[in-house]
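Annotation source TrEMBL lists transmembrane segment at 23-47, 67-88, 95-116, 164-189, 201-229, 249-273. Summarising the annotation, TrEMBL assigns domain 'Major facilitator superfamily (MFS) profile' to 26-316.
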Amino acid sequence: MTSTTAKSSCPDRSQKTLCRNPFLSIKFFVFCHGLLQLSQLLVSGYLKSSISTIEKRYGLSSQTSGLLASFNEVGNTLLIVFISYFGSRVHRPRFIGCGAILVSLAGFLMSLPHFITGPYEYDQSVASMFSNTTDLCQPGVLGSLGNLSGADCTPHAAKENHEVLLVMFIAQVLLGVGGVPIQPFGISYIDDFASERNSPLYLGILFSFTVIGPGVAFMLGSAMLRFYVDIDKVTRGEVQLTNKDPRWVGAWWLGFLVAASLVALSAVPYFFFPQEMPKEVVSGKESSSKKSEDVLSQLRSRSEHLQNLSLAKFIK
């Protein structure tokens with residue numbers, strides 16, 4: 001029974017090689033590329049889900065946080081045409097793997113500000129006594145009713161940490177540069193070595209990952225922001241806030257570590273894929289469909305020829 005099963009699954013030497021080495025299978029490449037695209041979108045989409053928390057933690061202005069969220073497009077725009085032009089001349093899987101490593105490095109850099117700055121002092125963020133909002137100013141002296149005086153307040157936007165911003169902007173540039181070869185090289189690699197019958201299916205699977213990726217990133221953000229930002233620096237007893245308090249800041253950095261680790265793991269298989277792999281062959285179905293198309297084209301040409309002859313005879 002085992003010998004017959006092995007013969008049916010790997011009938012010739014080429015298919016035996018595919019069974020032994022999954023890195024010669026375009027299906028396995030599609031599987032790896034789907035995981036990589038999902039992980040990449042976790043890194044880029046997670047920032048958008050936690051940008052308001054980062055803004056609150058470091059006192060960023062809305063203009064700065066908006067520029068930060070879109071800055072990855074700078075590196076992507078500068079290199080996308082150049083990299084795509086040389087796509088057929090390079091080792092595409094390795095370039096995808098190198099790009100994924102840059103994306104992973106960008107994710108780790110995005111979490112670095114948490115480790116190079118002090119703990120979050122939520123006592124300096126005074127909660128309003130009359131609404132579920134947080135005042136943007138720290139009063140020098142609180143009156144009996146907690147009224148704030150504009151002369152005694154310093155806006156949080158004036159306390160922007162320039163080192164934190166520098167690290168995050170560099171990370172965003174790396175994220176854009178690393179994402180350049182992933183999608184165009186992956187699509188062209190699949191289009192070159194997948195069968196004509198399965199190629200649209202594989203590309204549809206990849207595009208479905210691009211649709212669900214941002215949603216998964218927001219789910220990850222919702223889960224990570226339930227933890228306190230300094231969960232690694234203080235004990236639970238020292239935190240006197242709940243996640244419903246307007247002064248609460250969630251563990252925004254934790255999601256970047258998770259997403260960057262997934263990208264790093266997804267990058268490993270690409271260094272084992274060959275520059276070229278055998279063209280995928282569908283057992284008998286594709287050749288029979290080509291034969292039927294040839295027969296139909298011959299019949300059409302013959303019918304057109306007969307119609308022309310009958311028309312000529314009618315004219316005569």
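Cβ coordinates come from backbone N, Cα and C, glycine included.
The stretches the transmembrane segment (67-88) and the transmembrane segment (201-229) do not meet in space: the count of Cβ pairs below 8 angstroms, excluding pairs fewer than 6 apart in sequence, stays at fewer than three. Looking just at the domain 'Major facilitator superfamily (MFS) profile' (26-316), the mean pLDDT is 80. Through the fold, the transmembrane segment (201-229) approaches residues 26-27, 30, 33-34, 37-38, 40-42, 44-46, 48-50, 53, 57, 114, 120, 186-187, 190-191, 194, 236, 239, 241, 243, 248-255, 258-259 of its own chain, all at least 6 residues removed from its boundaries and within a Cβ separation under 8 Å. Within the same chain, residues 33, 36, 39-40, 43, 47, 58, 72, 83, 161, 163-164, 167-168, 170-172, 174-175, 177-182, 185-186, 229, 252-254, 256-257, 259-261, 263-264, 266-271 sit at least 6 positions outside the transmembrane segment (95-116) and bring their C-beta atoms closer than 8 Å to a C-beta of that stretch.
Among residues of the same chain six or more beyond the transmembrane segment (164-189), those with a C-beta under 8 A of the stretch's C-beta atoms are 29, 33, 36-37, 40, 43-44, 58, 60, 64, 68, 71-77, 79-80, 83-84, 87-88, 92-93, 95-96, 98-107, 109-110, 112-113, 116-117, 203, 206.
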